[in-house]
Amino acid sequence: MTNNAKIISINDLKSNDPSYLETIFSIANGHLGVRASNPVNISDTAGTIVNGFFEISEIVYGEKAFGYAKNNQTIVKLPDLRQIKICDGQQNVFHRSELKAESLDMNNGVLVSTYKLTNDLGKSVELTVKSALQQANNQVIGLRYEIKPIDYTGRIKIVKHLKAISDGEETDDPRKSRTVHTLTYEKHDVNSKSEIVKITTQISKMYLEMAIYTPAALEQKFELTDGKTINFDVIGLVGEINEPVEFTDMPTFEEVIKGSSEFWEEFWKNSEIKITGDDSLNQAIHYNLFQLTSSTGRDGKTNIPAKGLSGTGYEGHYFWDTEMYMSPFFAYTNPQIAQKLIKYRYSILEASKKRARELGVAKGALFAWRTINGQEASAYYPAGTAQYHIDADIAYAIDRYYKVTDDKQFLENYGFEIVLETARFWKNFGSFSEIHGKRKFCFFDVTGPDEYTAIVNNNYYTNRMAKFNMGFAVDLIDEFPEKARELGVTDQERNELANISESVYLPYDQIKGINQQDDSAFEKPIWPFDTTPKDNYPLLLHYHPLMIYRYQVNKQADTLLADFLFDDLSKEQYLREYDYYEKITTHDSSLSRSIFSAIAARIDLKTKAYDYFMDTVKTDLVDLQKNTADGLHVANLGGSWLTVVNGFGGLQVKDGLLTIDNHLPDEWKKLTLRLQYLGRLLQITYTNKTTQIEVLTGASIKIRVDGTVKMIQA
Ligand code: BGC
């Protein structure tokens, strides 16, 4: 293990499968992502990914129906910026390569990869590639190639160009990306020092320019002698979508490193988290936060793809993952980013209103389950569009942002409208029914977060979240009456929303004494776990969905996620629910274990909390789901932070007060974390005996610490 929590090296990893390593060592800056592929033997899985740059293709259904999603949106794989050709004086290419060492320094964002390169004459040189991305001006990558002799000395020729890469292979795995064959490449402004390639998508009609520049020449000859290292620097540019790139103020490699270091230094100042007692965990949590932040679009026009910018899995789409798993970290450490993520949702609000109409709902907005441009891209509606809960998830994230920042202006100008339009959706989508002799508001034919249970009535999570969404809308109508009028809210609408929110039906099983996942959940037989071979997980790759749907079996936390968010159960009920749902959950989704860990921490199931956390925090580092090669599980990266902070750290905002409860695992000596709350930077230190809070910047503040309200002096 590397003796530094913020450096990860190949020796820390169990697998050295090349496409797995490409993902693990990928670097990104919210705009562009670069997989750490071998620069001289470009693989099928290599390439650059630009957040929001996608191609469209028609979704071909065997049997179509009204309102089905029309088009795929597929993130495009672009030329590999690190690719290079190195030859000897006789044009023998050093084309065989072996990765010797690789490490990513999260202090400054620099990736260092070292290869032994060999040509057909059996002669070798060592190539080290240093790569770093600018984070502030996020179009820029700095590359330094260092070449040293192993047993070859003499003339060396370096050739550096941008080249189209392989489309990859078609696959049946729904978590992978489809391939795109409709790109055109056009090189222009080519000279000895630089070149620009313009890449155009035929159907979505987007273009992007990528460029490389080197102070000397893109094709160069050097004399390699013993004891000498040749340095070759290249600066790459990846423009904004539909904008040309310009070679003005090109930084040097050193300047790129400096910019990157400054960004990460500032980042860690606000987000530091330190687990004392387990170095490998400490390293893993730093890795997760580093990659989560790298993956995140910060311009209000893009968002966080489910696989970040580390791979093309899930086609670069944005899901509810952002609001429920990733944005909490930003709300509490870097609220400007959390705000930008909400702004993206605002930018697709009109498309979401249209979608609601397609679903036959007269008023309000329905956000697409998976999308880049706002239009629904899920071709399988039972586990896609039917997950209406995404609307309330977005409203929940807005509430969280508001609670943590008190940013009234943003709420009035952006957040409120989203909350209102989603609340309007629920009101017009649901209906009153008579349940156990009472008039209750119900939602029929919905799918909750658990994708192994589809199209059910009154999914507890959905109902609970919709209730919250409508209640929140009412609070905002009362808080911003003028804006409410501007948005067309009448007293009647306000009162109806309030009444419906009060009347939402929440299924509860009296005999079991637990919240019930949906109306028919407990009537179904339990999945035959005893006779299911281990190799048949994840079930989604081995059983027809209809077979899975007719059993009680969960892919991921569902009712328990609602419990985690609202945290209003007695400990006894928590324990009963945990016990029940744990037995039927496969955790086939990486969004599951973090929630099981966090709840277990809160209710003192210490071993479970710790074991689930170990899997969560290292999901990608140990390739737990066996598909990290397709990209990082970014929701889970955020989930691991949730577990530490909201689980072990017991942090929540309750009744307007920041609340902290110490549930430190016995295995840890100390946990220190930093976060922002109402304009302050706080540092919280937990030990097995004490919880200490410091206000590092900003004014004194009242906080509820382990049950007692205290004034924490600045
Ligand atoms: C999960 C969803 C998630 C999606 C993208 C699926 O496997 O079940 O909850 O949104 O992956 O991460």
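Note that Cβ sites are derived from N, Cα and C of the backbone, with glycine treated the same way.
Quick look at what TrEMBL annotates:
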{"type": "ACT_SITE", "residues": "E451", "note": "active site, proton donor"}
{"type": "BINDING", "residues": "W320, D321, K555, Q556", "note": "substrate binding site"}
{"type": "DOMAIN", "residues": "15-215", "note": "domain 'Glycoside hydrolase family 65 N-terminal'"}
{"type": "DOMAIN", "residues": "287-641", "note": "domain 'Glycoside hydrolase family 65 central catalytic'"}
{"type": "DOMAIN", "residues": "651-708", "note": "domain 'Glycoside hydrolase family 65 C-terminal'"}
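Annotated features, which come from TrEMBL, shown on the structure.
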residue	record	CB count, 10 Å
W320	substrate binding site	23
D321	substrate binding site	27
E451	active site, proton donor	24
K555	substrate binding site	22
Q556	substrate binding site	23
Rounded to the nearest angstrom, how far is the Cα of E451 (active site, proton donor) from the Cα of K555 (substrate binding site)?
6
Counted with DSSP (H/G/I as helix, E/B as strand, rest coil), the domain 'Glycoside hydrolase family 65 C-terminal' (651-708) has 0 helix, 36 strand, 22 coil
Hey, of W320, D321, Q556, which of those binding-site residues are within 10 Å of E451 (active site, proton donor), Cα to Cα?
Q556
Can you list, in sequence order, the residues of the same chain other than W320, D321, K555, Q556 whose CB lies within 8 Å of the CB centroid of the substrate site?
F319, M324, P449, E451, S589, L591, S592, A635
